[in-house]
Ligand code: SF4
């Protein structure tokens, strides 16, 4: 693309500003550039006051933050950079009756959290996407979908999977309630810069291998804490080849290998996705934005503190067997023996996981029966995820031993789109429930729970003990694999169902 | 935030190691919308025991908690700090704390005092019958029996606690720098500076 002379001049100005800030022409990573562009003040000990461009607020981690503001008589500095969306404990059943009246939420505490958000947002001048709005959904689905989340922006939310927005090339990370309050009041955070890690996935992904399998594989390679202290940039031809939605899936789970955030450099795929979104820049501003986004790419010769290279050919449809996202095996594999780990503490952890999961070493994953299937969460609830699941399910029926299978779209807009494409019919005809958008069984704060002792093939991001309900046993998989499990009643290599 | 200069009074001789945040405040209390009232859920499982320390006439409402290694490990929930405060605890003495917990404690004006195990053992003994005094200015823990233990604390945190400065307040004082940044950003990346109206 040819930049117009005006934009060229503007870019040159920006470049000059950066250079003056960075005297030497040190090549910088994508992360370094976003960081540098957001430093309000740098302290002697290296701590920086970092400006936050976008703040997503949901009903669970915000009430006490608003309460403190109110108690101290403080305002929200930039309500216009803040967007409130309830998602975590909304029921995924109908929210309005035939007459358009709200159906009361059964759990009084959930109802109270929702009511608090509905009170706080207008009181502090924040835009609220309400529980019955078609734009409502999981914050991490709504942000990109609305063009609220943008490349090169700093984005925070009181939820650990905020790294999701890194798929757009935004520096996005989860924060706690005190930090939510800090951002509301000051639009900044006091932070120390993390180290740079590159995770490069080179080569072509095989048939049936999705973005989720890529990130599960990375979780297996890095371990649950391999990214601690780093911000990870995912690079390489396999990452570049992913759709924007797939990139969100990968970046979403950066926290599952301990990283503060994940990043994927914005490119044509990103721009095509964002163009025309409600809050995305328009007209001349769009051209300027695109030019700036391009300039964020890691400079040739920039140094990462750590580089991990993965061959895409090594990645197959994957599934977790344990209670940490690092417990990943190929679907063609077997449950590992605790003795197979060298680290004694991992051996112990593996034994505990196996006991909790009710699995025995050597058992083939493909023989493991599931009673529940959950297709949803901010990892995998966008339209492509639902299409992938529907493609497997089409013309098939839910297996009899699968007691409960639900599809929870990531937002009302995803839901509407899926319905326009007839995907809802495919699920419903197969005996799978079609729900309202929200977090749902990802963390089971609402009534969607997996019963104790039962298994769930789940497209979410955490297989922690009790995450999907007390005693629930979670196997993390891609949407296509979850769909395969729904129709066979077992963890299944989806390639067996889809190969002609 | 209230300035913290001295915390003095009876200290609960709890002593337990690896107290995780789930012990301090179980997960089912996380659905609250206010910081207040979490004291009822604090140490809920332990307080099922009618003879527990927290509800004993002698220690109920004590401002100091003495614990073992690695206090506050586990999930990052800030509710743990809120629950302690609501129970009346404004200082915890232990050989070590989880980083996240001590950060959350600090943000809420709870003093975390790190002392070696030998000192903890002695304080546990004194606490059975007598009060303990933590003086932040001099960074010492003393007892009526001439015991005197010094502790380290990050100078920035000490300054904030002594003066009742909370992080939000400190950053608000940098408002001009933030405005300067906003003006610069409005020129360079106007699409980021531009928000969504309510
Ligand atoms: S879907 Fe799960 S991970 Fe995502 S925001 Fe909701 S609770 Fe968090």
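Yeah, the Cβs are placed from backbone N, Cα and C, and that goes for glycine too.
Curation plays no part in TrEMBL annotations; they are all automatic predictions.
With A:439, A:442 listed by TrEMBL as binding [4Fe-4S] cluster, the candidate from A:378, A:456 annotated for that site turns out to be A:378. Taking the binding-site residues A:378, A:439 in turn and counting surrounding C-beta atoms within 10 angstroms, the largest count is reached at A:439. Cβ atoms within 8 Å of the centroid of the Cβ atoms of A:378, A:439, A:442 (the [4Fe-4S] cluster site) belong to the same-chain residues A:87, A:88, A:138, A:140, A:161, A:376, A:377, A:379, A:381, A:438, A:440, A:443, A:460, A:461, site residues excluded. The Cβ neighbour count for residue A:442 ([4Fe-4S] cluster binding site), using a 10 Å radius and every protein chain shown, is 29.
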